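Read the structure below first, then the notes.
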Amino acid sequence: MSRPAAARINLAALRHNYRLARTRHGGRALAVIKANAYGHGAVACARALAGEADAFAVAIVEEALELREAGITQPILVLEGAFGPDDLIHASTHDLWMVVHQAEQIDMLAAHHAARPLTVWLKMDSGMRRAGLMPADYAAAHARLSAMPQVGQIVLMTHFARADEPDAAATAEQIAVFDRATAGLPGARSLCNSGGVLGWPAAYRDWARPGILLYGADPMPSDDHGLTPVMTLESAIMNVRNLAPGEALGYGGRFVAEVPTRVGLVAMGYADGYPRIAPTGTPVAVDGQLTRVIGRVSMDMMTVDLTDLPGAHIGSPVELWGHTVSVNTVAQAAGTIAYELLCNLKRVRREYIDTAPA
Ligand SMILES: *Cc1c(COP(=O)(O)O)cnc(C)c1O
């Protein structure tokens, strides 16, 4: 028998979440599968969505090439665009759509010779102040690209800084800035990431760009949006110990038993992607029952409290996150966000299943 640590990934849940996003927003939806599909495996996720996704998005050209090599034929948008002329050559060879977010990339395109015109997504900085053409420069950039024979369609896009905050004035302002600066320009529009799809109908346009919601990790978990978790990170109890009051557990003796404590050792650690920083008290499920992490998470193992779970034994299943323990609650306990936990997944094998969510 092999080590029981695994990430079980339900591809039917992924399709369910994609459909939900696409229906809610209307129009077309890019499935954002950058960073190895937020840790879920980009090729497997792309294949699972190939029958219905209008297009895919990744961050960098290398990620797009991996999908093309795996036989994915849908359009693929590269969200960071070209870093150099080689990226544009790949884009032409493999028919990639390229984001253009700064003047240097427009110059690069001007010097690029393409047999077929490239589809470009022209990004505006409408208020995030990270990347994108300034609103005042946008129409001129659009005109310059439109005049290039190597550029075909131009999609107008921007990205929200605070779409996961339901009433953020900053998002309303970004929408207004974008609409003003694109008034009269031809072409499809795209504004919404997951937070936009779930919370900002005023930003619905031609294309949605859902990422995190595809994986069932709701960026606004205070409302139930009907998403289904795609990944269950699971393992099993590999040893059981009893601590007497006063005895310290694990590295640094960080947890000291105050009462007789039954400890389960779990085959999972930070080398698998479970956050080392998760403190005592972080929720975890054993045999489907909620309990807590105790002591330091170590590289390959971690310890959980079985004091109130007398039936738990070596081999009992453990869910680190999934349906019983949402990845959002673990992220919150660890002082981070579900995005980071999911895309940090490593070492554990991924097991794909494809069954309709309950
Ligand atoms: C990553 C990314 C997305 C997806 O964001 P989520 O918050 O995961 O939905 C959408 N658009 C752009 C430009 C991105 O970089």
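Using the three backbone atoms N, Cα and C, a Cβ is placed for every residue, glycine included.
Summarising the annotation, TrEMBL assigns active site, proton acceptor to Lys34 (among others). Secondary structure at Lys34 (active site, proton acceptor), as computed by DSSP, is helix. Cβ contacts within 10 Å of Lys34 (active site, proton acceptor), excluding its own Cβ and spanning all protein chains shown: 20.
Shown in sequence order, Gly295, Arg296, Ser298 are the residues of the chain, 6+ apart in sequence, with a C-beta less than 8 angstroms from the C-beta of Tyr251 (active site, proton acceptor). Annotated active site, proton acceptor per TrEMBL: Tyr251 (among others), in sequence order.
Arg130 (substrate binding site) is surrounded by 9 other CB atoms, counting those within 10 A of its CB over all protein chains shown. Residues or ranges marked as substrate binding site in TrEMBL: Arg130, Met299.
Summarising the annotation, TrEMBL assigns domain 'Alanine racemase C-terminal' to 230-353.
Sequence annotations record features per position, and here TrEMBL assigns N6-(pyridoxal phosphate)lysine to Lys34.
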Return the count of C-beta atoms lying within 10 angstroms of the C-beta of Met299 (substrate binding site), excluding that atom itself.
12
Using the alpha carbons only, what distance in Å do you get between Lys34 (active site, proton acceptor) and Met299 (substrate binding site) once rounded?
26
